[in-house]
Amino acid sequence: MEALTTFAQLLAGGVLTGLVFALVAVGLTLVYGVMDVVNFAHGEFLMLAMYATLGLALIGLSPFAGLPLVAIALFLFGIVVYRVFIRRLLAGPPEATVFGTFGLLVLLQGLAQALFSSDFLSVPHPPLQGTLRFGGLAISQATLAEGAGALVLTAALFAFVEYTETGRAMRAVAEDRVAATLMGIDVQRVNGLAFGIGAACVGAAGALLMLSYPVFPTAGAPFALTAFVVVALGGFGSIQGALVGALLVGLLEVFGGFYLSPELKMVPVYLAYLAIVLVRPQGLLGRR
Amino acid sequence: MSARRVCLAFAAAIAVASMPFASRAADPQEIVIGSILPLTGPSAQTGAGLRTAQTLAADLVNGHVSYPLPMVGKSGLPHLGHARIKLVFADSQGKPDQARAAAEQLITQEHAVALIGTYASSTTATASQVAERYGIPFLNPDSSAPSLTARGLKWFFRTTPNDATFAENFYQFFADLNRTKKIAVKKVAVVGEDGLFGTGAGDAEEEIGKRRGFTIVTRVAYPATTTEVNAEVQKVKAAAPDVVMMASYAPDALLFMRGFKDQGILLQGILAQDAGFIDPGFVKTEGKDAEGVFTREVFSLDIKHRNKAVPLIDQLFRLRFGDKPLDGNTARDIMGVLVLADAIDRAGSTKPDAIRTALQNTNIPGILTLMPWKQIKFDAQGQNVGGVGIIEQIQDGKYETVWPFDVAVKAPIWPMPAWKR
């Protein structure tokens, strides 16, 4: 009985952890899918969103009320970054975006360090600090909210890309940039929009994460690292892939940590990653 | 420039150059102690505090206002004709190779009779090797890696307790609780991040616990950058310990606190090796949930109940360091300079051998220090055997000293309050 409860608890922990990873990863995968850019500063966008949420919380807006504002702010920030920075990098050799976004990572971390110091800060009296209990199962409300938020967001993004005119344009650009241009699609505009939406996703993620995490200049880095694995596992550019990959990573991490050893909890994750990219280089749901 | 002017300038230069020589002859002798500190680089902030502390200590030795502290207020070193001590600082930048160069420079160019420093364990390791090579005493007041005194060095002395001492303190605390309140702690879970800090602390906690007859029910090491601790918390839950000993940084400390609470794990106590648990954000974030958490510390201003010099030195330090209070690092460095001055005075000589012998014979009672220590007395490895830490408990949102009992200002609340659901 005891072992069964533990198993159920780990299962719940793995799924919810996975959903949080998905939340961070969808923005990354969207940007990659549309413009073939791996944004290495993705974790720093998350960190900025967390600071923004904290700032709003300090003037009295809870992370939930702050979420749309932070998402909009990050959307605009993403478009600005695309216009002044990424667009120029895209004109250069393919490595330019790698080094460029990595430089952005260093810059944003440094700025955060200078502006906010390296202290750990958290939202004062965040909502949803209780725990829900189902028999022997205990689930934190904050984690549940993060997971639910991630599901809704991923579904909304999927619907947007699948069923709207702009979404179709994005898919067209992802499919064949030249052909899309010939069909009258403004590739620059679509790219900018995709980058902005990617940033907005991570903005929403940052707001939700402030329910249970503290923020500091390198807070985004470990999430981004996992997000890269998630995106590679699920298939670059695939939104459903990000969700599947994230759940897989979450479950492997939690079960590996318990039944193997916490020190080795990332080992099954990376082994699965290696195995999957060996068999399917494009990832689980990615297209070649 | 005319020839006459050149001659005049030359004469003036000679006159100026000879002046300090003349005045130096009249002054009592000055004894140079070389101090290596991280004055630039990531630890520069700490280094500035330590420099202020050491300078204050040297002024106390050279001055004539007395406090209940060794060598303070005797107008220099009496056995050396009231010679004054002079600290010459060199920058380690927090880097081992810079610390090595700084030690070399202080010994060969400044002719330091002894070295003190260097805060970070890694820089202390290299700087003390240089002192060893030259046969110059090295006093380390503030590095806590246990391995430093296990190197078989002849010239290395450390006044501060190391991380193993803090683990020992936790078990002594349990023994004291058992003796005075009949509280029995048996099952211990050891949890820590898997870097040098968590592993070192965890190894000591596990080894000393076993030696003292406790059951270590689980040992959990996790990557410090982890974003979730579901498995780790389940491990602790399954092991059902009486207490958990934690070595964590801030984000992971918060994750564990939430995990323990969510899972309703009933603990008699959480005993932390400071770090994340004394981060300014910890109590702010945890609020009521932080109540009852224990953490080790090296120093607390509560020691004023034992030595009335503590508030006075704290005042002097604040005057010099922008109203920042004396803390564990600065108090330890003040003691370091005093211990070294005491040894040089007792040696009655500036010869390295004599100073080393005097350091070996050091015996300063704990109440004559700013620290919670029992005494200052070095073992064969040069480690101060009288070093102890303090255990604080978060009570009403404040860190209160609860152990050792002779220093404590509050009684420990045991077991810690149950989680509010």
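Backbone N, Cα and C atoms are what each Cβ position is placed from, and that goes for glycine too.
Per TrEMBL, the features are:
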TRANSMEM  A:6-33  transmembrane segment
TRANSMEM  A:45-61  transmembrane segment
TRANSMEM  A:67-85  transmembrane segment
TRANSMEM  A:97-116  transmembrane segment
TRANSMEM  A:136-161  transmembrane segment
TRANSMEM  A:193-213  transmembrane segment
TRANSMEM  A:267-285  transmembrane segment
>> Should anything in the same chain at least six residues away from the transmembrane segment (A:267-285) have a Cβ under 8 Å from its Cβ atoms, list it; otherwise answer none.
In response: 229, 231-236, 238, 240-241, 244-245, 248-249, 252-253, 255-256, 260
>> Six or more residues beyond either end and a Cβ under 8 Å away: which residues meet both conditions relative to the transmembrane segment (A:6-33)?
In response: 39, 42, 45-46, 136-139, 143-144, 146-151, 153-154, 157, 161, 170, 174, 194-195, 197-202, 204-205, 208-209, 223-224, 226-228, 230-231, 234-239, 241-243, 245-255, 258
>> Using a cut-off of under 8 Å between C-beta atoms, tell me which stretch among A:45-61, A:97-116, A:136-161, A:193-213 contacts the transmembrane segment (A:67-85) the most.
In response: A:193-213
> What stretch, picked from A:97-116, A:136-161, A:193-213, has the most CB pairs under 8 A with the transmembrane segment (A:45-61)?
Replying inline: A:193-213
>> Please report, as numbers and ranges, the same-chain residues at least 6 past the borders of the transmembrane segment (A:193-213) whose CB is under 8 Å from any CB of it.
In response: 20, 23-24, 26-28, 30-31, 33-35, 39, 42, 45-50, 52-54, 57, 63-64, 66-67, 70-79, 81-82, 86, 122-123, 126-128, 140, 142-143, 145-146, 149-150, 153, 157, 160, 166, 170, 173, 219, 223
